[in-house]
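Only one structure is covered here, and it is reproduced in the block below.
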Amino acid sequence: LQMLVLLAVTAAVAAGAGTGRAVQFLAVGDWGGVPEPPFTTPREVATAAAMGRVAAEHGADFVLALGDNFYYDGVRDEWDPRFQETFERVFAVPGLRALPWFVLAGNHDHHGNVSAQLAYSRHSDRWHFPHYYYSLRLHVPGTNATARLLVLDTVLLCGATDDFGVGASPRGPVDAAAAEAQLSWLQGRLASARHDRYVLVAGHYPVWSVAEHGPTACLVRLLRPLLRRHRVTAYLCGHDHNLQFLQEDGVGYVVSGAGNFMEASQSHKAAVPPGTLRFFFGAPQSPGGFAHLRLDATAATITFLEATGRVLYRVALPPR
């Protein structure tokens, strides 16, 4: 890992044809099925079907997977059957079949073998997980506008946690030097993205959340000042199993963790800055949900959708 940490991976994503001069993608977190047959949940299946419909109708260039890709203990190795049972066979609906996935790791992935998830990139044309953290360069078609998506490993940054311990917070990084290397990589990438029209940062743990796990103190301390200083457009995450949008100091905070479970708790409502929560959806009877992002010349539009296809909330964030 120490050697890998020094690698800076950058991939370029070209927007597909017919996307109306925009880069568009779907963001789904905490989608990782279950470890016993049939290895999927009804929510995961319904969310996959709805993602396919939205991609076909509204356009999508890729999927951003926000971690907890395999419940409850990740995968054993790069040949683990869970890749087929939880990913390949479920997200094979029309509209999704041809889309690349860009993947990051959650705490449940770190219970298993994350290096195997990186290695699976060699086995699948759809699965792109080049490094624990990496940078995507996005070009808005028909314009000279660019966007940057910086993908983090918040477990390496902040430590592991038991997802199902109420209010359990990360225990601090296992490798402090690796956490420091990731943070300095992020600082460098944010500085070099100053001319990008939009900058998005993604990780598994939330900075702000009103739900069961609440804010991640480590990220409030380390990440929030960087997001504000560099005028980041939005931070995307999962970990809490619902959909949320918060806004603070011009930064949008997107929680999209409703791909497999749905939890209604707002037990940390008093732990976020007053007035920042704009939207929350965690109805236990809901079949799941995800977010659609569209970056064009004039705005970054974030749409939260239920797996029924119903639009729950939409917000447009201005260019930097």
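For all residues, glycine too, the Cβ spot is worked out from N, Cα and C.
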Whichever of Cys218, Cys237 is disulfide-bonded to Cys158 when TrEMBL is consulted: Cys218
Which listed residue (Asn107, Asn113) has most other Cβ within 10 Å, given these are recorded positions: Asn107
Using Cα positions only, nearest of the recorded positions to His241 (Fe cation 1 binding site) (Asn107, Asn113, Cys158, His204, Cys218): His204
Whole-number Å value for how far Tyr71 (Fe cation 1 binding site) lies from Cys218 (disulfide bond) (Cα to Cα): 24
Asp30, Asp68, Cys158 screened against His239 (Fe cation 2 binding site), Cα within 10 Å - retained recorded positions: Asp30, Asp68
